[in-house]
Amino acid sequence: MARVQASDELVPRPIFEMPANAEVRDKQNSDNCSQDSGVKLKKRINLIDGVAIIVGVIVGAGIFVSPKGVLKYSGSIGQSIVVWILCGVLSMLGALCYAELGTMIPKSGGDYAYIGAAFGPLAAFLYLWVALLILVPTGNAITALTFAQYLLQPFWPSCDAPIEAVQLLAAMITCLLTVINCYNVKWVTRVTDIFTGTKVFALLVIVAAGAWYLFSGHADHWDSPMDGTLTTPGFIALAFYNGLFSYSGWNYLNFVTEELRDPYKNLPKAICISMPVVTIIYVVTNVAYFSVLTADEILASDAVAVTFGDKMLGFMSWLIPFFVACSTFGSLNGAIFASSRLFFVGARNGHLPAAISLINISCLTPIPSLIFLCILTLILLFIKDVYSLINYVSYVEALFTLLSVSGLLWLRYKQPKIERPIRVNLALPIIFLITCIFLVVSSVFQSPIAVGIGTGIILSGIPVYLMTIYRPVGWLTKLSILLNQCCSKFFICMPNQEKFD
């Protein structure tokens, strides 16, 4: 099969590569391992697990909270439903584009691998840089804090739980899930499967209650569904941002392609099964919300699902905070599993310290990468204004998603003869690209400060790239070697032995 070649521009000489003598020692230590059973990530994720990972990561706290934001910027319940449907369609288009990228470049790392193949190491490093500083740890920290807030809510029914208690519980659950991810991939997929079922059941409870209320003759909220619709492009973009926040995670299976069994078949199948299911559940859930609650009630609520439960479930209303906690627990588990592979791949390519690319010889999991991610998340948990970082996440994420899909079109032009097990119609990436451009440009006018700060964070990675990869600094090289040796001994790890053609 033809290989995808990365750009030759700014070819790096990373300081983070493992020293040659260390490679020799590791080779000698692995002589007892057969070639087929070497130290590498194993393909343990089947189709059902893949579907559960996508659904489990997508269905987090967003659907229980985001309907407020979508309604606020849509202006009417009718346009809100349209936005939710179009967000699902847009996510499906993006997921199909990523299916082509994921089968053409069957490596873990998702956007990092695709941007690197299309635009070279500098662009890939900048994605890794912002993922390291903002995208991954911020998302995980906010998910963990949301879990803690909802789980503690019944103990403080008349006020907010103390922030110290929320932070400590969030830290405990982050560490627990990190331990599970370190120990066994099968445990991770089982947790994901169980909690995906739990969160889908929770949404079905909301849908059933809303349907019963609607068909009992309470359809007055739908008499004029388009009244108050906002048509300003800026507001439409913000409505889509809020909706797409609830769909975020559709590309996470691409982060673990190397651990997916038969990725050429199971990656597109998992996408085509999970995305329509999520879209249908989200739309009918919003219909249930809008049937029971007035627009004013939704806009006044910080947690729409909890307000819905208080009105419809009576003494069983405590189930909704519990289900939201379960939902965020499963989402955090899937996010830790998938995003740790991003840093693992980045380190394997020399863009992070080599220690992060080590694999435990017993569990065959990237323990240093998981612990590295855990530490970053714990730091953000105890930053007072961590929620303010979410203002930059949407813009940065949309920008690099745009870059990935641009890479698909660029590779179609630059390397047309590469084998593509899946080749989507050219109209799909073009439509997705135009939509991403609209969202990015609209955010520039709507939130110029957030966009400026987000852009500044991206550009701050350039000097880091020059110092650590393009023209390495000597003392950093020695520090990386020392860190690699310590992690190898402490975590009983070895470098990944898988060879890529």
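Heads up, the Cβ atoms here are built off N, Cα and C, so glycines get one too.
Where the annotation comes from TrEMBL, it is an automatic prediction and has not been curated.
Given the structure is predicted, the values throughout are model-derived calculations rather than measurements.
According to TrEMBL, the protein has these features:
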TRANSMEM  47-65  transmembrane segment
TRANSMEM  77-101  transmembrane segment
TRANSMEM  113-136  transmembrane segment
TRANSMEM  165-183  transmembrane segment
TRANSMEM  195-215  transmembrane segment
TRANSMEM  235-253  transmembrane segment
TRANSMEM  273-295  transmembrane segment
TRANSMEM  315-337  transmembrane segment
TRANSMEM  358-383  transmembrane segment
TRANSMEM  389-411  transmembrane segment
TRANSMEM  423-445  transmembrane segment
TRANSMEM  451-470  transmembrane segment
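When each of the listed stretches 113-136, 195-215, 273-295, 423-445, 451-470 is scored by C-beta pairs under 8 angstroms to the transmembrane segment (358-383), 113-136 comes out highest. Contact count against the transmembrane segment (423-445) (Cβ pairs under 8 Å) is highest for 235-253, out of 195-215, 235-253, 273-295, 451-470. Only sequence-distant pairs (6 or more apart) were considered; of these, at least three Cβ pairs between the transmembrane segment (451-470) and the transmembrane segment (113-136) are under 8 A, so the stretches are in contact. The stretches the transmembrane segment (235-253) and the transmembrane segment (315-337) meet in space: the count of Cβ pairs below 8 angstroms, excluding pairs fewer than 6 apart in sequence, reaches at least three. Only residues 6 or more beyond the boundaries of the transmembrane segment (195-215), in the same chain, are considered here, and those with a CB under 8 A from a CB of the stretch are 52, 55-56, 59, 63, 281, 284-285, 287-289, 291-292, 305, 308-309, 312-313, 319-320, 323-324, 326-327, 329-331, 333. Among residues of the same chain six or more beyond the transmembrane segment (315-337), those with a C-beta under 8 A of the stretch's C-beta atoms are 52-53, 56-61, 64, 136, 139-140, 143-144, 146-147, 150-151, 153-154, 173-174, 177-178, 180-181, 185, 188, 191-192, 194-196, 198-199, 201-202, 205-206, 249, 252, 256, 303, 305-306, 308-309, 370, 373-374.
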